[in-house]
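The structure appears below as structure tokens.
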Amino acid sequence: MGDEKDSWKVKTLDEILQEKKRRKEQEEKAEIKRLKNSDDRDSKRDSLEEGELRDHCMEITIRNSPYRREDSMEDRGEEDDSLAIKPPQQMSRKEKVHHRKDEKRKEKWKHARVKEREHERRKRHREEQDKARREWERQKRREMAREHSRRERDRLEQLERKRERERKMREQQKEQREQKERERRAEERRKEREARREVSAHHRTMREDYSDKVKASHWSRSPPRPPRERFELGDGRKPGEARPAPAQKPAQLKEEKMEERDLLSDLQDISDSERKTSSAESSSAESGSGSEEEEEEEEEEEEEGSTSEESEEEEEEEEEEEEETGSNSEEASEQSAEEVSEEEMSEDEERENENHLLVVPESRFDRDSGESEEAEEEVGEGTPQSSALTEGDYVPDSPALLPIELKQELPKYLPALQGCRSVEEFQCLNRIEEGTYGVVYRAKDKKTDEIVALKRLKMEKEKEGFPITSLREINTILKAQHPNIVTVREIVVGSNMDKIYIVMNYVEHDLKSLMETMKQPFLPGEVKTLMIQLLRGVKHLHDNWILHRDLKTSNLLLSHAGILKVGDFGLAREYGSPLKAYTPVVVTQWYRAPELLLGAKEYSTAVDMWSVGCIFGELLTQKPLFPGNSEIDQINKVFKELGTPSEKIWPGYSELPVVKKMTFSEHPYNNLRKRFGALLSDQGFDLMNKFLTYFPGRRISAEDGLKHEYFRETPLPIDPSMFPTWPAKSEQQRVKRGTSPRPPEGGLGYSQLGDDDLKETGFHLTTTNQGASAAGPGFSLKF
């Protein structure tokens, strides 16, 4: 627009007129020329050419056309006027202002359009760059992910190969150990069989010699009778009298008797070696050296699979012993028949034979009882008839030459307990805890100075025999050996049958007393570690068809190494399929499952899993989850937290005995999530709900609990060795503290725990006037 303004030029009037005149002249010349040309065309068209005919229609049309030449001239004149240069018109100020505004607006709009196009171009450029950058980053992430997955896959493959190699190596070592153990046991059995055969052959030879001697004495009884009587009365031959000829045979019999005693001592050594292998830890503590027997005993503890082989070998030994016992009993019966058939036997010889019986090795317990017999025989060798056998002291038919004589008195311990150590070999330090069916003490082995836990079994009615509860506890705890279950070392006895103790490895803490002294609760990683160990122990019990039936925090032990162990098997028992009716009065009240509270008599492993859920909540909050004051209050507390069950969520709920008799208040909602809040994640709360499911058939098992995602999310479980340590309460002065309610007891007439501690037998606390122990710290033993 600026260029157009600059090209304008103001013309004068003369210039305008001249320009107009010049244009007019040009137009006239052009018109004249056009008319001339048109006349020439008309003249040419008026005269027909040769052979051309006139078209009247066309002529008429042209002549009568509305477009005349004058009109065309006028139109051309108007066009010429529009093309003519006119003088510039004067613009007013207002028009000029408006014109400038329009120009500015157009310029601004044009500039805005240019700026917008530039902005869009830059925006498209940035978007293309961002897209390219994102694509590059995405590609980079894909490559990094592929690289990471490849490295992780390689690492896992290496780890798997390493584990496979270790597993194969362990299997090879295990096979080698089993092979060595089998060879050793086979060698021991072979030696034992050879010894038994030698003893039985020796006994058979002695019986034959004795029968021959009896027959000979029957047919020629009168001649040698007076000298024997004179010798017994002290009127025998003189000191200088010659020794009679038959003295060689009794000397030979005496040598055979000494050989028999040596063979019996060898048998006793073999039985002692078997007892040592059965109590591996005690024998290793006594030896103190790395002998082969100690290594074999430790291997036996680690190998749980070898128990089946040992049981088979023991069955074979028992069968062999029964066969030999049968053969020996047959021989003894034949011998007795021969003795009865001798009608002419003298009355003196019959009285002698009535007091003496032949020894027949029947079982290991008989061989164990032979120790006391052999000791008394050695004591009796100082008598003239046994030890003072000189050349001048010959007795023809002395009873001392007969086979070994059985003692009429019982040994100090019963045969079933032969080989058990005495409790006197332990120094009791202090009392730790009262269990379901006994009292636990902390003691020290006097030989090895090891600290152990001694649990005295509660003998409910010892006059009626060994109590079934104690027998069940010993059998269960010996069967369920596992790293997360208390380890039994041996069984020791006191002076009487009512004093039987289980020797266990000493563990420093129980979770109940530990949580009461802790200033801060367990960390989430520590709770996961404890729960994993608890579930492993419970899984091992359930895999071996064992119900614990008394899981609670006071029965869970924690060592300084962070290893959790399940203890107190006083209420444990084996179960089978199909389920049988058991007593519902089991499990401590706070940890008792709802089916037990409502009177169900058929139950299974689900009762232990409910207790595990209660322990889980107590580990998180350091408080019992359902601390009821009575069974009814316990049921109400459970229903208030979890909601009242119905037949829909618990099939068979309405058929339970307590539900038929009572009506409970309705609690429609589960309020358990509010109780834990931030202490428990969503996965943890899901696991808690599965532990505390009403219907036992839907309650989670220990095996499935170990596979739950709660143990794989962050924070992960910590290593047990990273657990903090606390001072052991059992090693300090015992203080009274709040405990969970007592478990169900053994019924009417069941004596209170710890009553025997006040008697003169068993453990007794003896102190001086100043309060110090009279015989060192702790308890002293009295019997």
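Each residue, glycine too, has its Cβ placed from N, Cα and C.
Annotated compositional bias 'Basic and acidic residues' per Swiss-Prot: 18-58 (among others), in sequence order.
If you look up Swiss-Prot, you'll see S47 (among others) marked as phosphoserine.
Residues annotated as phosphoserine in Swiss-Prot, with similarity to another entry given as evidence: S72 (among others).
The feature compositional bias 'Basic residues' is assigned by Swiss-Prot to 95-125.
What Swiss-Prot records for 126-215 (among others) is compositional bias 'Basic and acidic residues'.
Taken from Swiss-Prot, the feature compositional bias 'Basic and acidic residues' applies to 226-241 (among others).
Feature annotation from Swiss-Prot assigns compositional bias 'Basic and acidic residues' to 252-264 (among others).
Residues or ranges marked as phosphoserine by Swiss-Prot on the basis of similarity to another entry: S271 (among others).
Sequence annotations record features per position, and here Swiss-Prot assigns ATP binding site to I432, E433, E434, G435, T436, Y437, G438, V439, V440, K455 based on sequence analysis.
In the three-state DSSP assignment, the secondary structure recorded for S470 (phosphoserine) is helix. The phosphoserine annotation in Swiss-Prot covers S470 (among others).
If you look up Swiss-Prot, you'll see T476 (among others) marked as phosphothreonine, on the strength of similarity to another entry. On its own chain, T476 (phosphothreonine) has I546, F569, A572, R573, E574 as residues at least 6 apart in sequence with a Cβ closer than 8 Å to its own Cβ.
Under the DSSP three-state reduction, D550 (active site, proton acceptor) is assigned to coil, being neither helix nor strand. Swiss-Prot lists D550 with the feature active site, proton acceptor, giving sequence analysis as the kind of evidence.
Among the features that Swiss-Prot reports, phosphoserine is placed at S577 (among others).
The phosphotyrosine feature in Swiss-Prot is assigned to Y582.
If you look up Swiss-Prot, you'll see T583 (among others) marked as phosphothreonine, on the strength of similarity to another entry.
What Swiss-Prot records for T739 (among others) is phosphothreonine, and it gives similarity to another entry as the kind of evidence.
Between the listed recorded positions, namely V440, D550, the fewest other CB atoms within 10 angstroms of a CB are found at V440. Counting in whole angstrom, D550 (active site, proton acceptor) lies 15 from S470 (phosphoserine) by their C-alpha atoms. Annotation note: T476 (phosphothreonine) sits in a helical segment as assigned by DSSP. Rounded to the nearest whole angstrom, the C-alpha distance between S470 (phosphoserine) and V440 (ATP binding site) is 14. Taking the Cβ of I432 (ATP binding site) as centre and 10 Å as the limit, one finds 23 other Cβ atoms among all the protein chains shown.
For S470 (phosphoserine), the number of other Cβ atoms no farther than 10 Å from its own Cβ, over all displayed protein chains, is 20. DSSP states for the compositional bias 'Basic residues' (95-125), grouped as helix (H, G, I), strand (E, B) and coil, give 31 helix, 0 strand, 0 coil.
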